[in-house]
């Protein structure tokens, strides 16, 4: 080899000095001709070595597209649906406590010798915590990943169920319920915000409807399951004991389920391929503070500055609160008026299960309507198209309220108010599903934060209605208490029409819709 190298620079060779320099340059660049074979590595070997020494640098903004092979939307359908199914079960689990508390409330009152309003604080603080939690957990999951937030939250949720099962006084129980609400809220934020991680907008409707069905299933099943309260052998504490056992199961499940946040998944994929992704912040104090600022402010910023989120949140302040209003109305109507047993009155919640199942079965039609609108719009999806069916279904909301109000007593059969409640559940559930799809379509990079900003007014409304309903039913007949809310609900269809016809104009005022939000994420180059 030495003789070959020497011969390249020998005076006896006919090559000029310039040729010698060219060959030397070729040797340096790894592109020498066949006469340099054996002197250095082949091109492919050299290129591989250079890639190892100088990894390819890719900007994160080029990797958020669903066209990337590592994007969770490109995973096998069975894997994606398994993840959604497990997370929907988790939503049923965390909603169990707040919706099941009504069935054990009288036992808690007797245990601590407190009034109904004081005992209801356990429920209302749980609801309030469920509204505040997503304001921090939503943004945190948008930058830190879904999986770590899930695990830590469910761990805290499980621990404080122990505190609720073995409280020394009612104050401890109320505080523990608030913390349970905060920790359990991650299921609502992460599932609703995580579905767009796994499904494109054209097919996200069905998994989102499954999530809504899971919410209804938890709300319906909890009062029925906590009917064990009437059995002295088990008692009210078993609501929390069961939560502790199931919580341990979900902690194991979370360890197995993969991360779904696209930026996290794609970055890991590229790093494994030896590429450097620009824009990922380093772990220094400045970047940590930037992340803390994002986590603590983004949810509130979106709620207060995004017109579409603010208007939808105010709508759901009333609409979601109505569901807790009916939780209270069930007992004076079916237990006191129609003389049903406690279990019989609890079983009336099954009407909501039927209504939610019908919504789930209808969702493929809703998706077809959305795709048809997209085709008519030259392949561009309009989030407002999510409300097409709602233009008609939302009319069931006030109609069902009035039916319940004026037929919730003899001589009308007990089935009549159940039908009215079902009509409200169909309209309310469908509107909620449309809004969740609308928000995740409009804010793909901040879906968790958007859902969180939307849910805070919703849970504040539920907190308020949990106490207002107690006052109304104590001072008014059931008929006029529900009728009062029915007259207010007349405005619901007009609000939905506003979203459909003017939503695009309202979205135009936003600085966070679509990929515009990328510059606000706590990335290194922002």
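Placed from the backbone N, Cα and C atoms, the Cβ positions cover glycine too.
Taken from Swiss-Prot, the feature region 'Disordered' applies to 1-53. Per Swiss-Prot, the feature compositional bias 'Basic and acidic residues' maps to 38-53. Sequence annotations record features per position, and here Swiss-Prot assigns transmembrane segment to 81-101, 118-138, 147-167, 173-192, 204-224, 238-257, 314-330, 349-366, 387-407, 413-432, 444-461, 480-501.
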Selection from 81-101, 118-138, 147-167, 238-257, 444-461, the stretch that has most Cβ pairs under 8 A to the transmembrane segment (173-192): 118-138
Paired segments the transmembrane segment (413-432) and the transmembrane segment (444-461) in contact, 3+ CB pairs under 8 A: no
For the transmembrane segment (118-138): best-contacting stretch of 81-101, 147-167, 238-257, 314-330, 444-461, by Cβ pairs under 8 Å: 444-461
